[in-house]
Amino acid sequence: MCIAGKNIIFVAGLGGIGLDTNREIVKSGPKNLVILDRIENPAAIAELQAINPNVTVSFYPYDVTVALAESVKLLKTIFAKLKTVDLLVNGAGILDDHQIERTIAVNFTGTVNTTTAIMEFWDKRKGGPGGVIANICSVTGFNSIYQVPVYSASKAAALSFTSSLARLAPITGVTVYSINPGITDTTLVHKFNSWLDVEPRVAEKLLAFPTQTSLACAKNFVRAIEANKNGAIWKLDLNRLDEIEWTKHWDSGI
């Protein structure tokens, strides 16, 4: 996908990997970049606008845990303004295994609901034009960080959901791929809670191993957007972008 001239919605795009990715996206000249996030950050919005004044950067408050109908309502407002949307990035995520219900609600259910909501406008069975979705999952969807099993499971669920949607593209007209960052040096990983406090020093131990910067991850994120490969499972780790070949152990046959 050539980003230039496109209309993009980025969920949770004002911090960490999301903000750095949006810094790279605006350099490529989309027509509109719409950021949905829980907390407004006027300084970040102004910075993105200043990077490329030819891009219209806008913000709408959004919590991915709201009811599906609320997500549809917000997207209806955005589509009424932009007329078309080319790319949706689902980037909401938390890392705190003390918050079991919220971890699942944000990392998995929120992705499902926002995706389901945009199908109201994209699904070709309803006369929609189709579209592209990039879901930010995690390398923990491949192999868990066992001290945070809830987080790891939520990301594995998001990855499975994404892979299923890619298989449905001939029916819906919506193509989908997953973005799976490795351990990235952001505030998210500097302090977090393990499940039942099984490892109080989990963040410290994790950061003892090589990491990548959010900027390096962001640059590879944009490369994945440009590649625009339906069903791709992208690993963004240690400054590299690699497509993962998933090992099939079972097939429904349908």
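Placement of Cβ uses the backbone N, Cα and C atoms for every residue, glycine included.
Look at Swiss-Prot and you will find Y151 tagged as active site, proton acceptor, backed by sequence analysis. Annotated NAD(+) binding site per Swiss-Prot: 10-33, in sequence order. Sequence annotations record features per position, and here Swiss-Prot assigns substrate binding site to S138.
Sequence features annotated in Swiss-Prot and their locations in the structure.
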| residue | record | Cβ within 10 Å |
| --- | --- | --- |
| F10 | NAD(+) binding site | 24 |
| G13 | NAD(+) binding site | 30 |
| G16 | NAD(+) binding site | 21 |
| L19 | NAD(+) binding site | 22 |
| N22 | NAD(+) binding site | 29 |
| I25 | NAD(+) binding site | 27 |
| S28 | NAD(+) binding site | 18 |
| K31 | NAD(+) binding site | 16 |
| S138 | substrate binding site | 27 |
| Y151 | active site, proton acceptor | 27 |
Would you identify the secondary structure of F10 (NAD(+) binding site) according to DSSP, in three states?
strand
